[in-house]
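Inspection log for the structure reproduced underneath, given as structure tokens.
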Amino acid sequence: MKNNETLFPLRGVVQHYAWGGYEYIPELIRQKNPDQEPFAELWMGVHDRGPAVLTDGGEEILLKDWLAAHPDALGASRAKFGDQLPFLFKVLDVREMLSIQSHPTKEQAVQGFEAENKAGIPLSAPHRNFKDDNHKPEVMVALTDFWLLHGFKPEAEILATLESEPAFAALQPILKDSGIYGLYKTIMEWPQQQINEVLQPLQSRLSRAHLTDKEYPDFWAKRAFEQYGGEGSDYDRGIFSIYLFNLVHISPGAGIFQGAGIPHAYLEGVNVELMANSDNVFRGGLTVKHVDVPMLLSHLKFDAVTPEVLEGEALNSFEAAYKTPAADFQLNRVYFPERGKYKPEPPKTAEIVLVTEGTVVSGNDGQVFAQGEAFFIPAGTSYELDVEEHTTLFKALVPVSS
């Protein structure tokens, strides 16, 4: 670590998953995309499938290797998380809807990981549920209008939805007799033929409808039918969940937290996302990947959820924190409508900062960080930024009580 550099440029890794958009991330990082390749995610962290690269004194090194040589840079988070960066920072551009997912608690992850290891299931096996022993809470903040599914609706709302759709007539008595859990379990355990028989009338109706209002489940169900096979093919049972879960619209600058056991699915939009370092996912449909129904049912929360949209808690006139119950991470947003100086207290933990619009100049060494560029700040660094007008930064850190 060179003494004359206190802010370290950080280059993230792009993931080209098929569901990603073609424009937002290339424009953000100022990279041309003439072949219209999907740019789904930009990762900034130490994950083995996308390790970020840090520049120290003109030399490039993997962030995880740099931290191994400079563990003090992690600061106060070492007391709880050891010599590991406990979070993964991302930008996501969701063009096609993602699978319905849920994640385990830390305790469930430890037990499940150990059990699958003892059973001899390879980490790379497609039917493996626990890839590691960590939980995977997530917080996201929208950069564009963002749409997602988040938790079960109240039972009365679900019943009203079922009563309004003739194709779902057979589901009404199941909900009345067995509640949300019984209804969901029935749907997830139905043979494919029964799924097809119930969904076919819905698919037929939606295929003829001209739908433009994203506030209604029909819009997303029609898109799901198109994305996961149209008439004549097997239907994805995850389409039922579009009508059972809360459909949430997040405006730019607002966010939402996904805790353990909450089923969710990203439908469309661009966000920044911060999560614990884990790959543990239980899928519940809208996917061609493995769906372990018994495991899913044993880890989901079936209580009705009222989505809590996070507006950010103001720390001062230009910085807000999207606080969550997660001890692994905190996401802050810094916005300067006009030119100014940003001089926070030296951080207690390591931080990763991403410029999503505008430009900042380090008062320490004159380094310039423009839109799409990120930098790493070791714990204890005293720094000041000269900020251009209309500049937005997102800052990933570990919350530490005073």
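For all residues, glycine too, the Cβ spot is worked out from N, Cα and C.
Any TrEMBL annotation is an automated prediction that lacks curation.
Annotation source TrEMBL lists domain 'Phosphomannose isomerase type I catalytic' at 7-154.
Taken from TrEMBL, the feature Zn(2+) binding site covers Gln101, His103, Glu138, His264. Taking a C-beta cut-off of under 8 angstroms and a sequence separation of 6 or more, Gln101 (Zn(2+) binding site) has the following same-chain neighbours: Pro263, His264, Ala265, Val281, Phe282, Arg283, Gly284.
In three-state terms derived from DSSP, Arg283 (active site) belongs to an extended strand segment. Residues or ranges marked as active site by TrEMBL: Arg283.
Confidence across the domain 'Phosphomannose isomerase type I catalytic' (7-154), taken as the mean pLDDT and rounded to a whole number, stands at 96.
The Zn(2+) site is set by Gln101, His103, Glu138, His264; from the centre of their CB atoms, other residues of the chain with a CB within 8 Å are Ser102, Lys136, Gln258, Ile262, Pro263, Val281. Sequence-distant contacts of His103 (Zn(2+) binding site), defined as residues of its own chain at least six apart whose C-beta falls under 8 angstroms from its C-beta, comprise His135, Lys136, Pro137, Glu138, Gln258, Ala260, Gly261, Ser278, Asn280, Val281, Phe282.
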